[in-house]
Amino acid sequence: KNTQLIQNITMRMWWLITTIAITSFICNSPAYAYDNNPLQDICVAVNDSQASVFVNGKICKDPKLATANDFYFSGHNVSGDVVPGLGFVSTLVDVNKMPGLNTLGMFFGRTELEPQRLAPLHMHPRATELITVLEGTLYIGFLVPDAANFFKSRLFSKILNHGDVFVIPKGLIHIQYNMGNKKATYLSFFNSQNPGFVIIANSIFASNPPISDDVLAKGFQLNKTEIAVLRKKFS
């Protein structure tokens, strides 16, 4: 009986220690969130050089002076600013449009993509993106480097319709293409206050100062005439 009792106590202690270890790992894992967790309830951004608290590149309003309007934005149901030559319009909501977003690790936008148009291949170096389709048909996908062969990648892609949701992991190259015959409208949510936006082709062929033609020609196995054409297209 004593042996059985000791075994039962030992087993319970083992499970307790395991549970504590797992909980500790989850709560303290660096992947739990990207932006640093705030140490105060609210930090409404304000243009006030006399304020004393400066967080995430913004000065914080005195919490006693914060209002509901600091956490409010209107107009996400209408078209935004046209991006010349790319066939889409976006309405982006960041801390400048909604000051209450400061320190909350959020950024979101509404995009309308014209039929048969492509949002350029791009990446967000500081955020995961979650997309919800409101109307239309959207072909979407992201590329993951192949662990077995770093010269290749895996494509994860889906065709999305109204109500479908797709998530794109942080920092991965991805595509959004309207394969339908009518406008596609979708919402994007990012888990960073400043997700970043890197357009792959423009970053390479329209850098300032420019990358050497020899480097680009060798890197893409093209000749210098073709490189010149690409520079003109993306500059």
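Cβ from N, Cα, C; glycine included.
Because TrEMBL annotations are produced automatically, they should be read as predictions rather than curated entries.
Lifted from TrEMBL, the feature list:
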type: BINDING; residues: HIS122, HIS124, GLU129, HIS174; note: Mn(2+) binding site
type: BINDING; residues: HIS124, GLU129; note: oxalate binding site
type: DISULFID; residues: CYS43-CYS60; note: disulfide bond
type: DOMAIN; residues: 76-228; note: domain 'Cupin type-1'
type: SIGNAL; residues: 1-33; note: signal peptide
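Note on HIS122 (Mn(2+) binding site): other Cβ atoms within 10 Å of its Cβ, all shown chains, come to 17. For HIS124 (Mn(2+) binding site), the count of additional Cβ atoms within 10 Å of its Cβ stands at 23 [all protein chains shown]. Each residue contributes its Cα atom, and for CYS43 (disulfide bond) and HIS174 (Mn(2+) binding site) those atoms are 32 Å apart.
On the backbone, the CA of HIS124 (Mn(2+) binding site) and the CA of CYS60 (disulfide bond) stand 26 Å apart.
Using a 10 Å Cβ-Cβ cutoff, CYS60 (disulfide bond) registers 22 neighbours. What surrounds the Mn(2+) site, by Cβ distance within 8 Å of the Cβ centroid and not counting HIS122, HIS124, GLU129, HIS174, is the set MET123, ALA127, PHE142, ILE168, LEU172, ILE173, PRO195, PHE197 from the same chain.
Summarised as a single figure, the pLDDT of the domain 'Cupin type-1' (76-228) averages 92. Spacing of HIS122 (Mn(2+) binding site) relative to CYS60 (disulfide bond) is 32 Å (Cα to Cα, whole number).
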